[in-house]
């Protein structure tokens, strides 16, 4: 960490501290909602509300960040996360959860790309852009480490009550939002308006082939994630893993992701990024193949749970996905020509999210008809195909280095 600039250390701290508190939601929200006797239809309404609100605010939040301050926008996102968690913690009926889901969607949008835009601009001032990939990679490694620590703490203190954990996390996010707002100078796009940033970011996506390439890679990752998120918990239960094992399996994936993101920190050339992107999607394909074999073979039920191939598949999936996000931001920061960094990040992320929403719904419908194994095989073929395309096409146009 001694080789990082002060603002880079602050970026890593904010990203890791944020995930330390917010990983609670992904670990226990389904369990918490079911304990409130909500139906799956009501739960689906909440998740759909989060996705819908997040998609609506995704791009506007980037425009606001470039015009009024990127770090301020990130701090606002933390505050909305705080409101979400307090709504969940003090919930007395379904209406509280609806308000919490609304705040969650806004928070996701405001947190997406705003602090990354701040870092890119700070490094651009001191001509340190080549360090972006390294910072993004190390921050992702720290995020995964903090996630594992947080999951273990959640498992240790869950008997205190999930609602109390949400309240504690909400207070932590409130303190963190204040620190993000007041500590260290902010930055924004110079001498531009929202209208100018709008035009600039749209032009970047549709006329800069490098930006479009990055968007398609992220959309492909979200498609793979749709398969993973819909299948892995149910498959784990079918292989005799219990609810107590689920956080541990998630931790195994995060450890794989941490290893991958740390390995990617030195990928500063286009050819290095191409190689790692290719390996990432091939690894995702391998993990899907192992999951498919695990789900269709009873022989694995006789082995010790955490020695099953499914556990290895979870680790390999983490290896495959862990490096994609930091490389995505690092590559995108190099090929954006204007100053609307947060706007472009948000627009590209919104485009990928739209693809992710569509594929999640489609895959969810198809699973009911064909089952886990066939979807996993399709996912493996898709991931492998994307890996081959990246190897053949990625970066084969002139980009700004």
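Using the three backbone atoms N, Cα and C, a Cβ is placed for every residue, glycine included.
Feature annotations, courtesy of TrEMBL:
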TRANSMEM  12-33  transmembrane segment
TRANSMEM  39-61  transmembrane segment
TRANSMEM  141-158  transmembrane segment
TRANSMEM  164-184  transmembrane segment
DOMAIN    165-401  domain 'Major facilitator superfamily (MFS) profile'
TRANSMEM  211-232  transmembrane segment
TRANSMEM  276-300  transmembrane segment
TRANSMEM  312-332  transmembrane segment
TRANSMEM  344-367  transmembrane segment
TRANSMEM  373-392  transmembrane segment
State the mean pLDDT for the domain 'Major facilitator superfamily (MFS) profile' (165-401). 82
With a Cβ cut-off under 8 Å, give me the same-chain residues at least six positions beyond the ends of the transmembrane segment (12-33) that come close to it. 1, 4, 42-43, 46, 74, 78, 81, 84-85, 88, 97, 104, 111, 115, 135, 138-139, 142-143, 145-147, 149-151, 154, 158, 162-163, 165-166, 169, 172-173, 176, 179-180, 243, 247, 250
If we skip the immediate neighbours and take only residues 6+ beyond the ends of the transmembrane segment (141-158), which ones have a Cβ under 8 Å from one of its Cβ atoms? 12, 15-17, 19-21, 23-24, 27-28, 165, 244, 247, 250-251, 254-255, 257-258, 261-262, 265, 318, 322
